[in-house]
Amino acid sequence: MWRGNSPGGNPGAATEGTGGDLGGQGNWGLEDAPGLLVRASLPIMPAWPSPLASSALTLLLGALTSLFLWYCYRLGSQDMQALGAGSRAGSVSGGPRGCSETGRPSPGSSGEPREGPRAEGLVSRRLRAYARRYSWAGMGRVRRAAQGGPGPGGGPGVLGIQRPGLLFLPDLPSAPFVPRDAQRHDVELLESSFPAILRDFGAVSWDFSGTTPLPRGWSPPLAPGCYQLLLYQAGRCQPSNCRRCPGAYRALRGLRSFMSANTFGNAGFSVLLPGARLEGRCGPTNARVRCHLGLKIPPGCELVVGGEPQCWAEGHCLLVDDSFLNTVAHNGSPEDGPRVVFIVDLWHPNVAGAERQALDFVFAPDP
């Protein structure tokens with residue numbers, strides 16, 4: 001057996017393993033190696049009373065759970081407060097008048113940004129609620145619009161003739177009339193549905209004399225000689241009118257870009273009697289394009305948007321950006337009969353999908 005030196009340095013003295021811990025000062029020999037290896041393989045753990053560890057872990061998990069539940073409650077209550085404020089203030093887009101002739105804001109403000117900071121603050125709160133629930137991704141333009149970025153919200157628009165009353169989405173291509181190809185699918189679908197939509201109008205039409213009470217479904221006139229029957233009003237379906245106009249309703253259901261889920265969206269028949277005129281109006285936002293399908297277009301009808309004159313044609317669609325100053329008039333004689341168009345609000349083709357989802361949330365109809 002190999003014998004190591006004793007602590008005293010005496011080479012003759014035999015030394016044995018002390019059996020102490022691995023850090024001890026005892027002497028050991030080769031015969032002690034197996035025991036030392038076994039000891040070295042054992043984990044070095046501090047003594048920890050098992051009941052105490054269990055109690056501390058339980059308290060920690062309970063605290064974290066309480067904190068998480070409190071955070072969820074606070075987040076939900078803030079969202080509901082933001083949305084509730086909108087309900088108390090009424091629709092952020094205005095009153096109940098909904099679909100209009102091109103120029104009248106929908107719903108019924110005067111076309112001027114008179115809502116001011118109140119509406120702007122409500123839009124910002126609802127947008128923050130949306131971002132907390134989903135994401136800020138792709139919300140750059142919407143965020144700038146909610147904060148009153150450059151444009152009609154904070155000054156004149158394009159040459160002072162584009163003045164949306166509520167929401168100006170920056171960096172959208174702006175023109176009074178939008179090319180048909182921008183919404184080719186929806187334009188072709190509406191034009192192919194022209195016979196069915198015209199039949200529906202014949203089923204709900206009346207003499208428009210003004211001497212009899214309004215028939216069921218027709219809205220009070222926006223101005224003398226201007227009547228409308230709405231299938232969708234401020235983002236809400238009107239079930240009774242839709243049942244009376246199955247062809248028109250079927251066409252609306254087939255559209256890809258119908259603005260049907262927020263207060264900017266309307267669809268229905270618009271009637272203008274001879275001598276009637278709607279002048280100097282702007283819509284509520286540049287995020288939509290208003291599609292006019294001509295049903296009955298007598299001579300003498302006039303449409304001017306952003307200073308550019310145009311005219312309807314029966315069976316054909318005209319795409320109008322009604323955030324531009326516009327005028328509608330029927331200068332024909334009483335014998336010519338009313339001018340009738342079917343109006344549908346579509347998304348502007350350059351509004352991205354994420355922006356549409358956010359605006360549907362922010363401007364959702366009140367429950």
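Cβ atoms here come from the backbone N, Cα and C positions, even for glycine.
Feature annotation from TrEMBL assigns domain 'Aspartyl/asparaginy/proline hydroxylase' to 228-349.
As annotated by TrEMBL, region 'Disordered' applies to 1-27 (among others).
Sequence annotations record features per position, and here TrEMBL assigns region 'Disordered' to 85-122 (among others).
Sequence annotations record features per position, and here TrEMBL assigns transmembrane segment to 52-73.
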For the domain 'Aspartyl/asparaginy/proline hydroxylase' (228-349), residues assigned helix / strand / coil by DSSP:
17 helix, 57 strand, 48 coil
For the domain 'Aspartyl/asparaginy/proline hydroxylase' (228-349), mean pLDDT (0 to 100):
95
